[in-house]
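Here the structure is laid out as structure tokens; the discussion comes afterwards.
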Amino acid sequence: MKRSSCYNGYSLFLTMLMLCVVARSQLTTDFYSTTCPNLLQIVRREVQKAIKFETRMAASLIRLHFHDCFVNGCDASVLLDGNDGEKFALPNINSARGFEVVDAIKTAVESQCSGVVSCADILAIAARDSVLLSGGKSWRVLLGRRDGLVANQTGANAKLPSPFEDVDTIINKFAAVGLNIIDVVALSGAHTIGQARCATFNNRLFNFSGTGAPDSTMESSMVSDLQNLCPLTDDGNKTTVLDRNSTDLFDNHYFQNLLNNKGLLSSDQELFSSTNLTTKDLVQTYSTNQNLFLNDFANSMIKMGNISPLTGSSGEIRKKCSVVNS
């Protein structure tokens, strides 16, 4: 009996110890409350400056966080330099932007809290602020991520959703990182701001899927406008707005456009025009209920920001976001 009692006591101790470790490894909203109390104000100020200089930067910063979290988890691996880095993966090359803004934020943070705040957390806060400053809703950002030590270009090529993929493929990619179909549609709503290059949608303009005609799910006047912007002889690098007639406001207009066959990317329009009744229903709901969309978007961003974070002693706190510490 004594042996059993001793064992039970030791087992309870181990259980409590493990619970303590788990609790310490979880992300919290007040992670920097004592080590960098002005962090949120510093990031907000720098994001405001960046968006004032270029409105499009809000969308770019949101996208950086998204493209970071889907590869290796939210570990700022997307920021690392190097020919084998994620910056040079197909979904990011000549496309991902805002790195200089992240560097400016990091410099401002380091000047007050040296060696404390991760680049991964800076990406998460900057994405939230970009939504808020564009007219969307705020949320409390969970913090405590650490920075990864390696980039994963192969993973970026394989795991990031593509504008050319069908709904089911994209749903599967979201599911692979723990996100569901509501997250797919809600997070696609980030395309209510920002721009896209001709190369990401010109396949819809002339000979869609070998039909010899434009994509029938794109509204005719939009086809005509985009054919003029993106001729077949073009290099594909010109850009146009993702949310036609509502360029810079974070609202539900994107979903209203999908109802009218005015989604720019095939992957966007497919949310409404494909045979998937769940995504279609969500698009219709969000198109008339902006508050629900903004709430779901915030919740999905929190979920996405919690994809496989490095915590505790894993990874590092980079001194410079583009390179690992020496």
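Cβ from N, Cα, C; glycine included.
The feature Ca(2+) 1 binding site is assigned by TrEMBL to D68, V71, G73, D75, S77, E86. The substrate binding site annotation in TrEMBL covers P161. Summarising the annotation, TrEMBL assigns Ca(2+) 2 binding site to T192, D243, D251. The disulfide bond annotation in TrEMBL covers C36-C113, C69-C74, C119-C321, C198-C230. Residues annotated as domain 'Plant heme peroxidase family profile' in TrEMBL: 26-325. Residues or ranges marked as signal peptide by TrEMBL: 1-25. Residues annotated as site 'Transition state stabilizer' in TrEMBL: R63.
Feature annotations (TrEMBL) mapped to structure.
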| residue | record | CB count, 10 Å |
| --- | --- | --- |
| R63 | site 'Transition state stabilizer' | 22 |
| V71 | Ca(2+) 1 binding site | 28 |
| G73 | Ca(2+) 1 binding site | 20 |
| C74 | disulfide bond | 30 |
| S77 | Ca(2+) 1 binding site | 29 |
| C113 | disulfide bond | 16 |
| P161 | substrate binding site | 20 |
| T192 | Ca(2+) 2 binding site | 28 |
| C230 | disulfide bond | 23 |
| C321 | disulfide bond | 22 |
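Listed in sequence order, D68, A120, R145, R146, D147, G148, S308, P309, L310, G315 are the same-chain residues at least 6 apart in sequence whose CB falls under 8 Å from the CB of D75 (Ca(2+) 1 binding site). Sequence-distant contacts of C69 (disulfide bond), defined by Cβ-Cβ distance under 8 angstroms and a gap of at least six in the same chain, are V177, M304, G305, I307. When the neighbouring Cβ atoms lying within 10 Å are counted for each of the disulfide-bonded residues (C36, C119, C198), the highest count belongs to C119.
Using Cα positions, the member of the recorded positions R63, V71, G73 nearest to T192 (Ca(2+) 2 binding site) is identified as R63.
Spatial neighbours are here defined as Cα atoms within 10 angstroms of one another, and by that definition the neighbours of C321 (disulfide bond) among the recorded positions G73, S77, E86, C113, C230, D243 are S77. Those residues of the chain, other than T192, D243, D251, with a C-beta within 8 angstroms of the mean position of the Ca(2+) 2 site C-beta atoms are G189, H191, I193, S246, L249, F250, N252, H253, Y254. Listed binding-site residues: D68, E86, D243, D251. The one with the lowest count of other Cβ atoms within 10 Å of its Cβ is D251. Within 8 A of the CB centroid of the Ca(2+) 1 site residues D68, V71, G73, D75, S77, E86, the other residues of that chain are H67, C69, F70, N72, C74, A76, V78, G148, A151, N152, G155, A156. Closest by Cα distance to the residue listed as 'substrate binding site', from the recorded positions G73, C113, C198, C230, is G73. In space, S77 is the closest of the binding-site residues V71, S77, D251 to C36 (disulfide bond), judged by Cα positions. If you take the Cα of C74 (disulfide bond) and the Cα of R63 (site 'Transition state stabilizer'), they are about 12 angstrom apart, rounded to a whole number.
With respect to their backbone Cα atoms, C119 (disulfide bond) and E86 (Ca(2+) 1 binding site) stand 15 Å from each other.
Here the candidates are the recorded positions R63, C113, C198, C230, D251, and by Cα distance the one nearest S77 (Ca(2+) 1 binding site) turns out to be R63. For D243 (Ca(2+) 2 binding site), the nearest neighbour among the listed recorded positions (R63, E86, C113), judged by C-alpha distance, is R63.
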